[in-house]
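So that you can see what the record holds, here are the features copied from Swiss-Prot:
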ACT_SITE  Ser96  active site, phosphoserine intermediate
BINDING   Ser96, Asp233, Asp235, Asp237  Mg(2+) binding site
MOD_RES   Ser96  phosphoserine
Amino acid sequence: MGKYFGTSGIREIVNEKLTPELALNVGRALGTYLGGGTVVVGRDTRTSGGMLKRALISGLLSTGVDVIDIGLAPTPLTGFAIKLYGADAGVTITASHNPSQYNGIKVWQPNGMAYTPEMENQLEAIIDSGNFRKAAWNEIGKVRTADPKEEYLREALRIVHLDNSYTVVIDSGNGAGSILSPYLQRELGNKVISLNSHPSGFFVRELEPNAKSLAMLAKTVKAMKADVGIAHDGDADRIGVVDDQGNFVEYEVMLSLIAGYMLRKFGKGKVVTTVDAGFALDDYIKPLGGEVLRTRVGDVAVADELAKHGGIFGGEPSGTWIIPQWNLTPDGIFAGALVLEMIDRLGPISELAKEVPRYVTLRAKIPCPNGKKARAMEIIAHEALKSFDYERLIDIDGVRIENGDWWILFRPSGTEPIMRITLEAHTEEKAKELMEKAERLVKEAIARA
């Protein structure tokens, strides 16, 4: 069977693996799977977005499914529109933080949660079978256009409130967030300074929000004496934050801060994160009545655990946050509003960040052909159990071993031909010692696979 979906939908180089033909067949497969109904479709700013969107919509229509085309839309707006219009599914044409030559297809459930791997497997099986539903001439689906931005803003303002006004610099990265994120901040009463705010498929900066890609945002925050800088990737499902001193706030720190604020705002509860998240989150939220649950990497796994356990907040140490009181779609735009509310209630991020415990985190990528990943992971798991003196093992996504003052995660990438090593320790010396040992173990495992 063909494997089209990865850890975050389909994501490939356009007109190589991701073609209009594949987009057409995904539309046909989704329509066949649904057996009718209505699907919301939106896309980010990539140059290939219109081509792929039209092909996908054609596939949906051919099965008798109606389409609500919301045009250029960040992923959070697509998730919101699914619930707003009572649709049976949603599709975003996006490659999120990948470079311009990539695009992707991500499918969403009626509750705003991404399709699970099991659901994606069913779509793949339909594509491979070629057994698509074909509507009669008088039952072919219809398309209507819609613009849910005003409703999104109105609903967001019912949940988030500020007592004061702040200066906010927003770097939308030329992505789809530029049509919504600055406007939400303005509606909250803030003074907004926009960077890279014109929608374009020719991205000015690297789309993944990190210290390097947000150097201009950091300089602008400092020069304008702004209270905070907020950045998004291509579809604005992620958020990156620069504090009032012009410093990029590490993902682990922001994850801890916003989880703590959610506990203060909504009361004690469970916080869901992924196996690659460090100890800081546990240590920071425990005194606030928070309990950490870890799951597989990916927003769909986080959303699934939130729904199962009635969690109060979910997030990954990549700037992907899910606020279940709002939606089960990762939403960097609404997250930005919550960051401002946190500042309004608790004070500057530069001061709040001092309260979050700091550990030494190291990451490594080891080249590994996709065909070797499964066998290499078997060897890694076996050897890691023998080589490290650990107290706890978590194997829900890769292999994570923990001791009292360190942890290591061995995990194959779901989107690249690499093995990832992530580790954390209390001291730099210990972290380097662990990484040296871990890298040697992984390279030997790949050679033997």
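Cβ coordinates come from backbone N, Cα and C, glycine included.
Overlay of Swiss-Prot annotations on the structure.
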{"residue": "Ser96", "record": "active site, phosphoserine intermediate", "CB count, 10 Å": "26"}
{"residue": "Asp233", "record": "Mg(2+) binding site", "CB count, 10 Å": "32"}
{"residue": "Asp235", "record": "Mg(2+) binding site", "CB count, 10 Å": "32"}
{"residue": "Asp237", "record": "Mg(2+) binding site", "CB count, 10 Å": "34"}
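Distance noted between the C-alpha atoms of Ser96 (active site, phosphoserine intermediate) and Asp237 (Mg(2+) binding site) is 8 Å. Each of Asp44, Pro74, Thr75, Thr94, His97, Gly175, Leu207, His232, Gly234, Ala236, Arg238, Pro330, Gly332 belongs to the same chain as Ser96, Asp233, Asp235, Asp237, is absent from that list, and has a C-beta within 8 angstroms of the C-beta centroid marking the Mg(2+) site.
Secondary structure from DSSP puts Asp237 (Mg(2+) binding site) in coil.
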